[in-house]
Amino acid sequence: MQKTVDENYYKLLHELQAVDFVLVELNLYLDTHPGDANAIQQYNHYSQIRHQIAHKYESQYGPLKNFGQSYAGTPFNWIDAPWPWQV
Amino acid sequence: MWVYEKKLQYPVRVSKCDPMMAKFLLEQYGGADGELAAALRYLNQRYSIPDKVIGLLTDIGTEEFAHLEMIATMVYKLTKDATPDQLRAAGLGDHYVAHDNALFYQNASGVPWTAAYIQAKGDPIADLYEDIAAEEKARATYQWLIDITDDVDLQDGLKYLREREIVHSLRFREAVEILKEKRDEKKYY
Amino acid sequence: MNDQVRYWKPYVSPLDPCPPIRVKSFSTPPQLFIPFQPPNLPQFTPFEALKYGTLWPALYSPYGGPKQFRQEEGET
């Protein structure tokens, strides 16, 4: 029953963490620079890439978000270990 | 509302079982300048700050919860499978008898977290200056935590968190500048 | 070499019991010198950004601990 994650899990997770981090940084920057059109364009660009990587991750390792923000599998795989602090 | 995302913001690694370091890290878990205090401080100040900077407080407050989860992960990994004897030797005997391996919102000295650590004065400048000071104090705490461990993997995560304090401090400083402006004057120097 | 550190020399008494640290230091990271971030600063790649903890090299602050600081005492 115990599932162990593979090498690819860490690689894909790292990719997602990197892109999501760019989005965090751009988000905080835009909070104080709401008129920077270049940064807004970059934000939307990375948001699209984020969507693709998250989709790839979720198709292999299950939902990233709760409350219907990700599609769920049967049986309900949102509740599956490992949780972020366990990997 | 908030939605949980089932991943850490940064890949946290630790290279050895080190319960004593876990105890020190609690300063950033349930301490005065820790991540819990930071998250609650910013999210609570949102309700009385001018609209222009509510977005910033919301986003930084939310990111602080991601950092709280990183600290929890470090503590979890540093103490996982440690025996009562090991915990006792690390100065965590008192923690063990009250909490076993559970995390508890307290500082490195075992003092429970209190709302007295955070301030909401209702004056936007006073509140933002408190936020800047909180970020600088958290940055300093991360420095001393980096100094006190030789675990390179743990230091890596702590250096990341120290850098985040720097970026947050800059954004709060910018928020002060925004509130000082009379209109939409140019704000690049 | 590291301009994000400042040094100072505390008073040393002949009666101090611990061996004196003659030069002390503290961190002066970039946010102290950027009142408002200008637009279009050069950026790290996403993987670099995650590693360094910021998207912008101008905001990056290395921290090497007291050992790093102490090595530089001689140079100041």
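Quick reminder: no glycine exception, Cβ is built from N, Cα and C everywhere.
Since we're looking at a predicted model, the values are computed, not measured.
As recorded in TrEMBL, the features of this protein are as follows:
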- B:Glu35, B:Glu64, B:His67, B:Glu135, B:His168: Mn(2+) binding site (BINDING)
- B:Asp59: Ca(2+) binding site (BINDING)
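Recorded features from TrEMBL, shown on the structure.
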residue	record	DSSP (3 states)
B:Glu35	Mn(2+) binding site	helix
B:Asp59	Ca(2+) binding site	helix
B:Glu64	Mn(2+) binding site	helix
B:Glu135	Mn(2+) binding site	helix
B:His168	Mn(2+) binding site	helix
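Non-local neighbourhood of B:Glu135 (Mn(2+) binding site): B:Ala38, B:Glu165, B:Ile166, B:His168, B:Ser169, B:Phe172, each in the same chain, at least six residues away, with C-beta under 8 Å from its C-beta.
When the alpha carbons of B:His67 (Mn(2+) binding site) and the residue listed as 'Ca(2+) binding site' are compared, the span between them is 13 angstrom. Its own atom aside, the Cβ of B:Asp59 (Ca(2+) binding site) has 18 Cβ atoms within 10 angstroms in the protein chains shown.
In this structure, B:His67 is the one among the binding-site residues B:His67, B:His168 with the smallest number of other Cβ atoms inside 10 Å of its Cβ.
Around B:Glu64 (Mn(2+) binding site), a 10 Å sphere centred on its CB holds 24 further CB atoms from the protein chains shown.
Taking 8 Å as the upper bound (exclusive) on CB-CB distance to chain A, the binding-site residues B:Glu35, B:Asp59, B:Glu64 give B:Asp59 in sequence order. Residue pair B:Glu35 (Mn(2+) binding site) / the residue listed as 'Ca(2+) binding site' shows a Cα separation of 14 Å.
Of the chain residues outside the Mn(2+) site list B:Glu35, B:Glu64, B:His67, B:Glu135, B:His168, B:Ala38, B:Ala39, B:Ile60, B:Glu63, B:Ala138, B:Leu161, B:Arg164, B:Glu165 have their Cβ within 8 Å of the site's Cβ mean position.
Within 10 Å of the C-beta of B:Glu35 (Mn(2+) binding site) there are 24 other C-beta atoms, taking all protein chains into account.
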